[in-house]
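Worksheet for the structure shown next.
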Amino acid sequence: MSVLSIVLTLLVVVGTGYYVLKAYNPIFVLLFSGIVVLCGAFFLYGAEVPLPKNTPSQGVFLDVYKFLSATFAKTLSEVGLIIMSVAGFAAYMKHINASSKLAFVANAPLGKIKNKYLILSGTFVVGMMLKIVISSYAGLILLLLASIYPVLISLGIRPITAVSVLSLITLDYGPKDGNSINMAKMVGEPDNVVGLFLNYQLWSVVAYVVIIALVIPLYYAYVDKRDKAKSETENVEITEITNPQCPLFYILLPWLPIVLLFGTYFAGTKLDVVSANFIAISFCFLIEFIRHRDGKRVSEDIIVVLKAMAEIFVSVVSIIIAASVFAEGIKALGGLEVIVGYLASMGNIAVLLCIIVLSFLVFGITIIMGSGIAAFSAIGNIAANLAPKLGIKPIILVLPLEIASCLGRAASPIAGGILALAGFVKLEPLAIIKRTLPLLLLGMVINIVVAWSFTL
């Protein structure tokens, strides 16, 4: 039976991956696979559908849809609402030019650095610092293309070098980031996003930023010298830098949820992410009303927030729900439990092996799909269940998968951010990825080493 469980688990994973690769909608594929597998596991092994507590069973078919309904309700009321509130706040910051102003001001000091390759490191560090408040990968890249890219080009940096460095600003982190919130839910600590960030995620991010920033000048000096020897040239277009039309103090507004979350955390009280975002949105509405003295105009801005919340439900929350159903189906087959049982007998090396295999699995799937959400949500849920059987905290196994999904996105030729960069400089996406892949693989090594260090 154990061999059958492993074979069926592998067949389901490969089959699901096949249809995702064939460009079938991943939400449908994950949901359909999860439902079919839950039903199949019941008939094969008598595996019960995981119903909410005190919910009576009414047969496998009704139970599966009860489970589906409960998963929708739970996700929407917890991590789904959190992610939607984050998206609503981010959209409003973009609408009132606060995030654009922040990017413009943050990049201004870079022009004072003389060495152009050190400027690339500075750009990378500033971009990663901004990522904590501007959590959208594609959104931040577009802001940096408008604010810092012209500065880089005017200083003699090649377009392909400039955009490839921008593509490395890829890690999602911080207590108001959707991936981080999803991760906290996976590991069973949805109310401890700040604590998980400070105690675990921050170290992975700092290690990545420091090492990549140190390597960037050496690596790009070598690559540019190599390209020059091949006589590769580019057409350079310098675009004008525009200062966003809003007061200077608006650069503080994107930080409001972060300040509220950290402030209450260190004060010993708890403020959830949804409340922090809604408080920040309300305050920004008040600021906009004082600025424009136009109540009707400000009232219309609520549509910006609500539309962003709806869009993030379709693109992110629905995938998290589908991936949760799929993960329960895989769990019901029992193949992973058998594999983990074998791994556990290997001792401490089993943990490192799991971190490496699962991290590169997420990395590879993300490259193919162009988005790390589905890969991380599906495999992350499975990893969270595996971790206790390996004798480690779930966060130790789930965190490297979250980081791997971000690195895989930067290596995908169909990721939104990469397509935006390639289109901006009129290059093929693969031209950027070929240049950054060694650094992204270095990032994977850093990610795995840091995750492994948490077990020592």
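Note that Cβ sites are derived from N, Cα and C of the backbone, with glycine treated the same way.
Here is what TrEMBL says about this protein:
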TRANSMEM  6-21  transmembrane segment
TRANSMEM  28-47  transmembrane segment
TRANSMEM  67-92  transmembrane segment
TRANSMEM  117-149  transmembrane segment
TRANSMEM  200-222  transmembrane segment
TRANSMEM  248-267  transmembrane segment
TRANSMEM  273-290  transmembrane segment
TRANSMEM  302-327  transmembrane segment
TRANSMEM  339-361  transmembrane segment
TRANSMEM  368-387  transmembrane segment
TRANSMEM  407-425  transmembrane segment
TRANSMEM  437-455  transmembrane segment
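For the transmembrane segment (407-425), the partner stretch with the highest count of Cβ pairs under 8 angstroms, out of 117-149, 339-361, 368-387, is 117-149. Under 8 Å from some Cβ of the transmembrane segment (28-47) lie the Cβ atoms of residues 1, 8, 12, 15-16, 19-20, 60-61, 64, 67-68, 319, 321-323, 325-330, 332-334, 374, 378, all in the same chain and six or more residues away from its ends. The stretch from 6-21, 67-92, 117-149, 302-327, 437-455 with the most CB pairs below 8 A to the transmembrane segment (273-290) is 67-92.
Here the transmembrane segment (302-327) does not lie next to the transmembrane segment (117-149) in space: the count of CB pairs under 8 Å, restricted to residues six or more apart, is fewer than 3. Within the same chain, residues 168, 200, 203-204, 207-208, 211-212, 215-216, 219, 348, 351-352, 355-356, 359-360, 363, 392-393, 396-397, 399-400, 403-404, 407, 410-411 sit at least 6 positions outside the transmembrane segment (437-455) and bring their C-beta atoms closer than 8 Å to a C-beta of that stretch.
Three or more CB pairs closer than 8 A are found between the transmembrane segment (339-361) and the transmembrane segment (368-387), so contact between the two stretches is assigned (pairs 6 or more residues apart). The list of residues near the transmembrane segment (368-387) in space but at least 6 beyond its ends in sequence, with Cβ under 8 angstroms from a Cβ of it, reads 20-21, 26, 30, 179, 182-183, 186-188, 315-316, 319-320, 322-324, 326-327, 330-331, 336, 340, 354, 358, 361-362, 393-394, 396-398, 401-402, 404-406, 408-409, 412-416.
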